[in-house]
Amino acid sequence: MADSPPSPAPAQPKPPSTARTVGIASLIWGTSIFLSRIMGLVREQIIGRTLGASRQADLYFASFTLPDFLNYLLAAGALSIVFIPIFLKYLQAGEDRRGWEAFSVIANFILIVGVAGIAAMMVFAHPLAAIVAPGFTDPDEVATLVRLMRIILPAQFFHVLGGLLSAALMAQDRHALPALAPLVYSGAIIAGGLFGAYHPELGAEGFAWGVLAGSILGPFALPLYGCIRTRMRWYPVFSLRNEDLRRYLVLSLPIMIGFSIVVVDEWIVKNQASYLAAGALSYLQYGRTLMKVPIGVFGMAAGVASYPTVSRMVAAGDVVEAYRVLARAVRLMLVAILGAQVCLTVAGFEAVYAIWGLFGSRFSVADAQETASVLVLLSLGLGGWAAQTVISRGFYALGSTWLPTLVGTTITIAMIPLYVVLRMHFGADGLAVASSVAILVYVFLLGWSQRRRFDREAASRGTSLAGVPGMLSAALRLAAAAAIAIAAGLALRAVLVPLVPGVGFVALFTRGIVLCGVGIAIYATAARLFGVRELVDLAGMITRRLRRRRA
């Protein structure tokens, strides 16, 4: 999806191919998400250097649970998934006015419900804090948590409304401003954190105010500007009987009322970590932040970029090709994501300490060791976290939002005892293992269900998925290759650390490069021997792009 509107129908040049369209959008979103993750690491680095792995940091991370819950109830994460097909239907029919009327009635509904929800949560923030983090019982800690929540809560209004504006732009193949929004958001949080670093009495509040300012400037203001440039029309209309609002609610309802493990996992981890010693919640959050970098670059970019195209294929009745595109996107993404798992496992300590511990910091070597330990266990589920961002969109393209929600909610209910038991026996490490097990079980069931659903859709159209490669075989072969590479990398680590000791920049950099480089080489070799075709495809894509740049 290029960052320009579609050409008018008559006498138009041949449109770009599907592969090229998805490729351009993937490049835009891949670059944005990569930079956003880098800025996210800078943000977390400032938190680590300012607050360390302290109770103050724990409180800051816990303060996002209630705002995130509101965001989830408003289906903010599904806005683009649910709204794009509704909006596209009118644009493709040349009924732009009806498209903007649909936008307006949905936006006005979100505005009314969002303001009411934020007001209620701000009033009842204190009792809600006891539910969010029951392990925090000190009155001063609870007061700080409540104050942080009340600062961050209004930001969700701008996130949700901005998400709808971004969806309107993406439906028109305009991706630049929506892709830039998270960078502005992260930049504002960094600025707030830097201000707080020079005013220690603020504690974590500097970051919280940055969250609020960033949500206004980035996710809301930038897409609003983009929509105004596309002659957006926002009408003062509202009716619960509106057909498009009802369709939006029907498609969003499963996401609003279901508690899929994809979202609830982080809430459960924070809830249970509040019972642990100071710093445990921070270790888990820092580890999750580092894990999210490859998820964002390889997983989210593929999902966001491919979804509008897959939706068009499904709308045109070509469900076989739609599944082929989704399955191949997952396989290609897994090649890269499991390579990242190898690096995070064999060189996790070096990455953690380089980000949070170097050049003077409240983040100690012991903190880095604890975070690296958690990171290794969280990374066991890395492939699952990345794959679900693509797989789930296959259901949404079919207009099926209930099945992913039912599967995710069932996994959540079944897995809660596992979180509790593992936390009681193994602390933060136990919570990391529970998180990985939950997401892997969820993705396996989701992928299996998706194949069956697409097969039924294909059969209803007189076609079949027979002969179309799936995802499981490649995933198992890649996992085996990653396991071999990790085993070899850890053996090399035992030899290398005594030879290149210390936590200085040179030692960390040397060990990280050697361990990651050798691990990736072994992983690629093993995957090739196991017959993973996507490895060759991915290498070919990279080679062709490099040649084009040189030319």
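Note: Cβ is positioned from N, Cα and C throughout, glycine not excepted.
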Ranges 183-200, 525-542: which does TrEMBL label transmembrane segment?
183-200
Within-chain partners of the transmembrane segment (502-524) [C-beta distance under 8 Å, separation at least 6 from its ends]:
338-339, 342-343, 345-347, 350-351, 353-354, 357-358, 365, 368, 481-482, 484-486, 488-489, 492-493, 496, 535
Does the transmembrane segment (331-359) make contact with the transmembrane segment (371-391) through 3 or more Cβ pairs under 8 Å, each pair 6 or more apart in sequence?
yes
Counting CB pairs under 8 Å, which listed stretch among 151-171, 371-391, 403-422, 428-449, 470-496 touches the transmembrane segment (206-228) the most?
151-171
